[in-house]
Amino acid sequence: MPRFVDRVVIHTWAGSGGNGCASIHRSKFKPLGGPDGGNGGRGGSVVFVVDPHVHTLLDFHFRPHITAPSGKQGMGNNRDGAAGADLEVKVPDGTVVLDEDGRLLADLVGAGTRFQAAAGGRGGLGNAALASRTRKVPGFALLGEQGESRDLTLELKSVADVGLIGFPSAGKSSLVSVISAAKPKIADYPFTTLVPNLGVVSVGEHAFTVADVPGLIPGASAGRGLGLDFLRHIERCAVLVHVVDCTSVEPGRDPILDIAALEAELAAYTPTLQGDTTLGDFAERPRAVVLNKIDVPDARELAEFVCDNIAAERGWPVFSVSTVTRENLQSLIFGLWQMISAYHAARSEPAPGRSLIRPVPVDDSGFTVEPDGQGGFVVTGTRPERWIHQTNFDNAEAVGYLADRLARLGVEDELLRVGAQPGCTVSIGGMTFDWEPQKPAGHPVAMSGRGTDARLESTDPVGTAERKVARHQRHKHGG
């Protein structure tokens, strides 16, 4: 069973809104008190919340389907339905949210950072909210909207100050184990490290974090080996450290060539977070080189030979260390701390508690009418499609109200303009019907006054004598 998961695809469904209620107020001496149907409750949203106690996406690996509760239906006596509670989903610090096309939606960094992954549907209006001067007693209510449904990709990118990069078996895990309290798996075969390991390094009263990630090989930027699984974990690192094995006897391998090969892979990799100004350009992050395993005599000679060449060619600090004898480890720790401090001092500190969130633009102001190629037309637009989903097509009044709304929006005028003929098929939001125009093009829309009741129109007071006659008639018919 996997213990560390850093990339998952999840399916989120927000709760649907509750339906509105169509009811008439009735009480003693007031049998027709007007509409009093309440509105439906809003559906619950799916919200990601950063929890510092969560360190992996393992839970989503086994439970990728996330559904928020729906809102309740409205009731009579102007009682609104209860809203569905938002479903808060805990994610690790450093989680990146991508849409189906791989576009970055949110970069969640910092405890308590929130992101609404799927919005709950709006509740339908009750007939009390739909009443107007021309529609005094609506005999219908609106249906609740469906909650948003989205397929998202979550990627966990380690939040560390220093990222150790190097070929497999270069000694990265050993280095982390001796400069911090971390205990990664250490062995003498390639790809011993299959998941990132984080260690905290103390520097006097200060501390910084180091990420030990799987080994890198040529072609990693194209996905070879552990490839992209490795590279995304160094995107947030302030300092990148090349860990070079000075004991390697493989043909075509030496410290200078190893560094060049690793830099070629980094140059070919395009970070997801490259637009985040708080991190800076990935290619310009400060680098350092650690020449490891100098406790071996031949390795020490090689390190002394290439040290000045690397510093002169690259301009990076070079540290020759041994994790066995712990030689020069303190110099390495203080050198890395100075590089981290200089990096952060040169950059403006981001506001606390903020995250990179890129909302998807939504245009709900207009609509389009296009022929469907079979003599009919398709109307697309946020508002017309939403109105279709709010309509109960078993209720003639509700259908008439929909026709009024579409006419006010200009859908009917546009259909006439593009040549739609009475009786042709029109599709809106998955609903297809035969279109019949309500008015000539260009004429103002006359509201139909649907839902009126003549008994509510009278404003003349009823006299005592008339009430006595009415009561006598009721008693007479009653027996």
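Just so it is clear, glycine is given a Cβ too, placed from its N, Cα and C backbone atoms.
Quick caveat, the model's predicted, so the values are computed rather than measured.
Features reported for this protein in Swiss-Prot:
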DOMAIN    2-159  domain 'Obg'
DOMAIN    160-341  domain 'OBG-type G'
BINDING   166-173, 191-195, 212-215, 292-295, 322-324  GTP binding site
BINDING   Ser173, Thr193  Mg(2+) binding site
DOMAIN    359-437  domain 'OCT'
REGION    438-479  region 'Disordered'
COMPBIAS  469-479  compositional bias 'Basic residues'
Residue among binding-site residues Ser169, Ser173, Ser322 with least C-beta crowding, 10 angstrom cut-off: Ser169
Integer mean pLDDT for the domain 'OCT' (359-437): 87
Ser169 (GTP binding site) in three-state DSSP notation: coil
Cα separation, Gly166 (GTP binding site) to Ser173 (Mg(2+) binding site) (Å, whole number): 11
Sparsest-packed among the binding-site residues, when each Cβ's other Cβ atoms within 10 Å are tallied, from Gly166, Lys172: Gly166
